[in-house]
Amino acid sequence: MTAIIELNNLSVQFHQKGRLVTAVKDATLHIEKGDIYGVIGYSGAGKSTLVRTINLLQKPTKGQIVINGEKIFDSENPVKFTGAKLREFRQKIGMIFQHFNLLSEKTVFNNVAFALQHSQIEDKNGKKRYLTKKEKTDKVTELLKLVDLEELSDKYPAQLSGGQKQRVAIARALANDPEILISDEGTSALDPKTTNQILDLLKSLHEKLGITVVLITHEMQVVKEIANKVAVMQNGEIIEQNSLIDIFAQPKEALTKQFIETTSSVNRFIASLSRTELLAQLADDEELIHLDYSGSELEDPVVSDITKKFDVTTNIFYGNVELLQGQPFGSLVLTLKGSSEHRAAAKAYFVERHLKFEVLGKIERTVD
């Protein structure tokens, strides 16, 4: 599939307090039409700076940007992309933020309508004209229905919850029928329940409109819920990028692994084991194993196989299965009991089956 967004070898530098700061360094990111692409990193990683180059809210220092096949920036061969052309281009890229940026003195309806004040369409002769009042009214009504706010059209921002305010912001961002929607920490000011509701809305809009979504966040759970691809940023660089499934199945960088651990209940379970009476001590012929598996591996009776093949016994203390992009991912924490040779054979079987596992060892009880 063709990339709708191509950021090639981008760097962004600026002067701050008398020194040169590199916010983004040689970043390359290609996003295909229809992707929900998560860009994750801690504060200061450069993720917002990078993504804001997509609509030239942030001008790069060097590199190249191609949007929907059109080159809009090239440090080697400068492109004239200013004025009316730039404004028209930006209308096709919607954007929502952590702080909703609504106009407090305007109603929900008029906040959305505000985005249409300079909107134009082509008439039957191919000439551009501004929307009529009726066309604007119809458009706003349609958008409010799309985000489930039609009954709140005459309310003011002060009368809305955080989630409702973000829905208004989303409707406004969609006013000019953008092909790309950028969410810059769009859920970070919301509680977990409202965050899930907004993510569900974004997924629904993605399915209904076919819009490409670029999601900036510092929360891997947000990426896990909605994205199909992920880029991880650190110190201005993209250190890892892949499909969501491959990132979770085979993370390469330490930071990526840290982010994944924040979403995993198995890690919390493992951390709690040191205070568990039941596992205060393991026998000499026992090992504690953490096993991860996915996809078709879940269909195979791996635990049953090793007990039959290698004369070991198991005791499962934790099990979990969840879906990522429709593909099941599972984790087990279990004891493996048997002679050292039989346990080694069982672990070799895990390797043969391409299963990820780690030996957690003996669990010594800690004292508070």
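Including glycine, each Cβ sits where the backbone N, Cα and C put it.
Owing to the predicted nature of the structure, the values given are computational and were not obtained by experimental measurement.
As annotated by Swiss-Prot, ATP binding site applies to Gly41, Tyr42, Ser43, Gly44, Ala45, Gly46, Lys47, Ser48. In the three-state DSSP scheme, Gly41 (ATP binding site) falls into the coil class. The Cβ neighbour count for Gly41 (ATP binding site), using a 10 Å radius over every protein chain in view, is 24.
Swiss-Prot lists 5-260 with the feature domain 'ABC transporter'.
Mean model confidence of the domain 'ABC transporter' (5-260) amounts to 93 (pLDDT, 0 to 100 scale). Look at Gly46 (ATP binding site): DSSP puts it in coil.
Put plainly, the binding-site residues Gly44, Gly46 were compared by Cβ crowding within 10 Å, and the winner is Gly46. Listed in chain order, the extra residues whose Cβ falls within 8 Å of the Cβ center of the ATP site residues Gly41, Tyr42, Ser43, Gly44, Ala45, Gly46, Lys47, Ser48 are His218, Met233, Gln234.
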